[in-house]
Amino acid sequence: WKPRQTGSGFSLAAIGAARPIPWKTGDPVWVPQWHLSSEKLEAVIQLVEEQLKLGHIDPSTSPWNTPIFVIKKKSGKWRLLHDLRPINEQMNLFGPVQRGLPVLSALPRGWNLIIIDIKDCFFSIPLCPRDRPRFAFTIPSINSDEPDNRYQWKVLPQGMSNSPTMCQLYVQEALLPVREQFPSLILLLYMDDILLCHKELTMLQKAYPFLLKTLSQWGLQIATEKVQISDTGQFLGSVVSPDKIVPQKVEIRRDHLHTLNNFQKLLGDINWLRPFLKIPSAELRPLFWYLEGDPHISSPRTLTLAANQALQKVEKALQNAQLQAIEDSQPFSLCVFKTAQLPTAVLWQNGPLLWIHPNVSPAKIIDWYPDAIAQLALKGLKAAITHFGRSPYLLIVPYTAAQVQTLAATSNDWAVLVTSFSGKIDNHYPKHPILQFAQNQSVVFPQITVRNPLKNGIVVYTDGSKTGIGAYVANGKVVSKQYNENSPRMVECLVVLEVLKTFLEPLNIVSDSCYVVNAVNLLEGGWSDKPSSRVANIFQQIQLVLLSRSPVYITHVRAHSGLPTSAPWLSGNDLADKATSGGCSLSSPVEAAQEIFITTFHVTAEHYRSRNSLTRKEARDIVTQCQSCCEFLPVPHVGINPRGIRPLQVWQMDVTHVSSFGKLQYLHVSIDTCSGIMFASPLTGEKASHVIQHCLEAWSAWGKPRLLKTDNGPAYTSQKFQQFCRQMDVTHLTGLPYNPQGQGIVERAHRTLKTYLIKQKRELEEILPQHQESLSMALFTLNFLNIDVHGHTAAERQCSEPDRPNEMVKWKNVLHNKWYGPDPILIRSRGAVCVFHRMKTTHFGYQKDSPEKSRLTKGIPDVPRLW
C-alpha cells in the first residue's frame, strides 16, 4: 500500500508555540509492531490515510517505534490506538495544573450563558518538532513483500501522559486575550469545554465573536453544532439554569457489577455526584468496602444487600438533587450536621450551595466525633475560599457555646477552628425541609467517660498477656479468664469490656495499656471505621456498653516501674499482673516449696531449668517475675531492631519534617540496616504517591531491598503502596501502631541528618544556599566521609560483602543428638552464632567435594552458599 501525498495542509497554530516535553533520557526505544489480521490491517491503512490527509502525521525514519492497533466501537467504526507506555516511561510528567472540577453553584444567579466545545482539541495542538520522532509507528506489510511505511505524530497523540496537561495549558494561553479584553466576564475552562457567563447578554454577544477569532488564530476550532447560547445549558455533566444546578440523569446499572474494576467505575461516578447529594458518608460505606481485598482489577465482587440498599439511597437522592446558584450580594453560612457515625456539612444560602463530606476512609481506626466535626468545618471553610472566594459569615455546629469553649480547651482541632474562623459560631440551624434529615440524631458530646476520678466509684485493675490470659482485680478479689487471642492489646480490650459489663455502677478503671485507655476515652464520641481490623468489633461492643451505663473514669499506670507495690495505684495492678503471668496460681505443696526456693536463693534461670525440668522460656519468666531479680536483669542494647546481615536485605523508611525547607518540608528518609547507607528526598507531601517517588529515587541510587519496614502511617498502609511493593517484589512490614521503637534505626537517622543540616548550615550557607544542595552535602558526609571502627564508610559497606568471622565450629543437632561440622560461622550475635551447614550431599545429588560440583562451581568465589 502506498499513501497518496496530500497538500490539504492541516494548519497548526498560527500564534501558539509548541511546548517541548522534558525527557529523562535520549536513548531511542524500539518496540516491534504487533501482528495484525488482514481486517485490522485494512482498517489501520484507512485510518492512517485519513490522519495523513488532515495533516496530523508525517512520514518518518525515526529510531523510535511503538505499536499501534485498532478496536471496533459499538457503532461498528474502527478506532486507532497507539501504545505509548514505553514513551511515557521516558518522559518527566507535568504537574497538575487544575485542582479539580469548577463548582457551578459559584456562578451568579440569573446570569446568561454561552457554552462551547473545542473540536478535536488534542489534534489541534502541535507537538514540538524535536519531540515528534519519539511518537513514530509502523504499518506492517503483509508477508514483508515491501518496506514498512512509518509515520510520526505532529499533534498531541491520544495516550501520551502529558497530553491532557499540555492541552489545558495551550487552551488557557489562547484564552488570555479574551480574559484581558472582557475582565467582567466569568470564563470557566475544563479541558476542551468552555463556559462564558455574564449578567448582560449584550456583553456575551460582543465576547463570543472575539473568542472565536482568538481560538482560530491559535488553530482551535469549535464544534458549532454544540454551541449553547441561553440562560440554561449543559456543562460538565450538569444542567445549569438561572437559579439552580442539577446533575444530568444518571442510570445506575447493577447487571455488570461483577469485578473490582466495575465497582471502581461506579464509585468514581458516585464520588463525582457527592457535592450534589446530602447522603452522609456512613450510608455509602457498604459500597466503598468493595475497594478492599484483592487489588487486581478483575478480582470478583458480589453485590450485597447492604450495598444494594446504599445504591437505592443514591438513586432516591438523585431524583431531588440540586444546588442553588449563589447570590453575590448575600452572605452564606456553613452548617455542620450530626449525622450517624460521621458528620456532614453544607455551604448554605437559602439552599445548598455545596455539600461537603469527610473522607470515606479516615486515617485513624477511631474517629472522635467532636474532632471529626472540627475537621469537616475546616474543610468547609477551605472549600468556601476555594470555590466562592470568601468565607461564610456564620458557622453552625451541633454544640452550645459552653461546649464549644470546652472543646477548644481540650481538642487541638477545635482550638485551630476557633482561632482561624473570624465569624460567628452558633448552634441554630435554618428552618428548611432539606435540613430535617439530621435533626433525629442525638448530639454527640462526651458525658459517660469523665476526665477526673470518681470519688464514689469502685476501682478495678485490669491486665492482659500474650498467653491469652486476662484478669481484673476488684476489692482485692482476682478474676482471670482465658481468651482466644495472643495479642496483649486485644486481651486487655476484652478484659475492659468484661469489666464494663460486670460493674454498672460508677467505675474507675486502672490499666497498664496506654492504647486501651486512649481508645476507651475516644469511643463514646467516636466511631471505628476499619471493618478489616480485628479490634474493630471489640471497639463497637465497648461503645455500645459505654452509651448505656454510669460514668467511667479510666487511667493508665506504668507496669514494672520498680515502685513499691504498697503504693495504692500499684498494689491492685501488681495482683492483676501476677494473675496473667501465673504468679497467683501456686497452690500445691511442691509449687509452694519451689516458690520458697525461688524467693530465698534467687538463682539463675539455667538453675531453675535444670532443677525443675523447665523450658528456657519458663525459667526466664520465673526470673523476670521476681521483684528482686528483675532489678538486676541485663538491660538490652537500644539497637534491637532487626538488621540485615548484608546490604539490600532490610531497609527502614520514615518521614520527618524540616520546617526550614518550606514546601519541601516532608523529608522522606530510607536507611539500609546493615551498611547504614542513607537516602533522603525532600517532597511536598507524605501521600502514597510521594512515598513511591522516594522509593524509586532511593532504589535507583543504591539498589532495591528485599524487605522494607515502615510504621503504620496511612501512606504506607494504603492499597496503592501495597500494590507497588508487590509489583517491585519487595516485602513490606509495618511495626506496632504508635510505637516508634520498631523503626529505631531510621528514627535515629532523622536526628543524625538534622544535626548535620544544622552543623553544616553555619559553614556552608553562602556556598550552598539551596535546601536540596545542603541536604546532598549532609548525605555525602554521612555516606562517604564518616567511617566506622574498621575504617569503612557506609558507601563502602554498601558495595562490599560484610566481614564474617573466619572461624569453623562443630555443632550439635539436638533433635537427632548428632554432631556436625566443622562448619563456617556466618555471623555472631549476643549469646549465639549463625552457622552455615555444608551438607554431605547437595540438593542436586552431588557429593560435597565431587568433580561434578567442582565443575559447577568453577570460577565462583569460595564463599558459603546453599546447594
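Any Cβ shown, glycine's included, is placed from N, Cα and C.
The domain 'Reverse transcriptase' annotation in Swiss-Prot covers 52-240. The Mg(2+) 1 binding site annotation in Swiss-Prot covers Asp117, Asp192, Asp193 and is backed by sequence analysis. Positions annotated as domain 'RNase H type-1' by Swiss-Prot, on the basis of sequence analysis: 454-585. Feature annotation from Swiss-Prot assigns Mg(2+) 2 binding site to Asp463, Glu492, Asp512, Asp577; the stated evidence is sequence analysis. As annotated by Swiss-Prot, domain 'Integrase catalytic' applies to 643-802. Annotated Mg(2+) 3 binding site per Swiss-Prot: Asp654, Asp711, in sequence order, evidence recorded as sequence analysis. The DNA-binding region feature in Swiss-Prot is assigned to 807-862; the stated evidence is sequence analysis. The annotation region 'Disordered' is assigned in Swiss-Prot to 847-867.
Shown on the structure are the features that Swiss-Prot records.
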residue: Asp117; record: Mg(2+) 1 binding site; Cβ within 10 Å: 17
residue: Asp192; record: Mg(2+) 1 binding site; Cβ within 10 Å: 19
residue: Asp193; record: Mg(2+) 1 binding site; Cβ within 10 Å: 18
residue: Asp463; record: Mg(2+) 2 binding site; Cβ within 10 Å: 29
residue: Glu492; record: Mg(2+) 2 binding site; Cβ within 10 Å: 25
residue: Asp512; record: Mg(2+) 2 binding site; Cβ within 10 Å: 22
residue: Asp654; record: Mg(2+) 3 binding site; Cβ within 10 Å: 22
residue: Asp711; record: Mg(2+) 3 binding site; Cβ within 10 Å: 22
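Using the Cβ center of Asp117, Asp192, Asp193 for Mg(2+) 1, the list of other same-chain residues with Cβ within 8 Å runs, in sequence order, Ile116, Ile118, Cys121, Tyr190, Met191, Ile194, Ala223, Lys226. This prediction places the mean pLDDT of the DNA-binding region (807-862) at 63. Taking the C-alpha atom of Glu492 (Mg(2+) 2 binding site) as reference, the shortest distance to any of the binding-site residues Asp192, Asp193, Asp654, Asp711 belongs to Asp711. The two recorded residues Asp117 (Mg(2+) 1 binding site) and Asp512 (Mg(2+) 2 binding site) have their Cα atoms spaced 66 Å from each other.
Across the structure, Asp193 (Mg(2+) 1 binding site) and Asp512 (Mg(2+) 2 binding site) place their CA atoms 61 angstrom apart. In this structure, the C-alpha atom of Asp463 (Mg(2+) 2 binding site) lies 64 angstrom from that of Asp192 (Mg(2+) 1 binding site).
Of all the binding-site residues in the list Asp512, Asp654, Asp711, the shortest Cα-Cα distance to Asp192 (Mg(2+) 1 binding site) is found for Asp654. The distance from the Cα of Asp512 (Mg(2+) 2 binding site) to the Cα of Asp711 (Mg(2+) 3 binding site) comes to 23 Å. Following the DSSP three-state reduction, the secondary structure of Asp192 (Mg(2+) 1 binding site) is coil. Mapped onto three states, the DSSP output places Glu492 (Mg(2+) 2 binding site) in helix.
For the recorded site, Asp512 (Mg(2+) 2 binding site), the DSSP three-state label reads coil.
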